[in-house]
């Protein structure tokens, strides 16, 4: 009998069930087997071919809590809901994302060293598959993944003590893990040192990811994920904060003379970023988000999948500054953002001898 080809995500989900069983040595046999059963059970509920209008899944770069400052340890509650939703990937293009709290990336979690962090994860009733969360800031088995493995409609939880300062990634770790991450399930947790971080005027939250689709980059309408491209690491899209337009339509903003901090992470799941702001130099850079001893005067900072970095700089000249991964071919697949700086010209630092001609320039910068 000829095999029937099932469109959409069902082949990927079926493969995910197999991968779930094959990863028993990593996650533990009971969890992996359970994951395989529930993924397989959820497969028939794949999203319909005709979707409602895409929703806005973009996490604004300004959507993060303010500095904690000096205080004693506290108990902090973190509520996460895993929601599968169709959102706008690019102008005229939509995609079925898997999210934490309906946005990509998930919420920015902010605690300090010594805090006890209580995590509650609810998997939405309408989800197709199981989800969980692995916090890289956790000292404990699986970063909390086993403790939060939840079927659709189920809630799980755990707590941990934040022992080490730093900026850490969290992500879904349900098999196949790369699929869950590629679909948008990642975020950042900042564990502030006891004394806090140096004060700045603006803080921003930016994460980079990849989207693997059956259809070519630029295809309009609802595009579907591709298992083959995911496994062979051939993304069609590179994104900041969930979509190709996220940080173009919602630019970072500052004024001349102000200081800026960017909390930057890479969800991945596969590509390392060479993060760079064209026309700026990072006054302080915390490579791999180790907050103990920053580097100074850094042009580009390398950040791997599942890793994060922090960069601080003062903006001294007005204009638009482009955020990129300096693997610049990725700009052609959607990966760029804008920092808008307003204020008076500063000719002692930068003076354009032909501003009229520059205004007509077709430079990519």
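Quick reminder: no glycine exception, Cβ is built from N, Cα and C everywhere.
Look at TrEMBL and you will find 1-35 tagged as signal peptide.
Under the heading domain 'Plastocyanin-like', TrEMBL lists 88-195. In the predicted model, residues of the domain 'Plastocyanin-like' (88-195) average a pLDDT of 98.
If you look up TrEMBL, you'll see 131, 136, 171, 172, 180, 185, 326 marked as Cu cation binding site. A sphere of 10 angstroms centred on the C-beta of residue 326 (Cu cation binding site) encloses 15 other C-beta atoms.
Below 8 angstroms of C-beta separation, residues 256, 278-279, 316-318, 322, 331 of the same chain, each at least six residues beyond the ends of the region 'Disordered' (346-365), sit close to that stretch. As annotated by TrEMBL, region 'Disordered' applies to 346-365.
Look at residue 185 (Cu cation binding site): DSSP puts it in coil.
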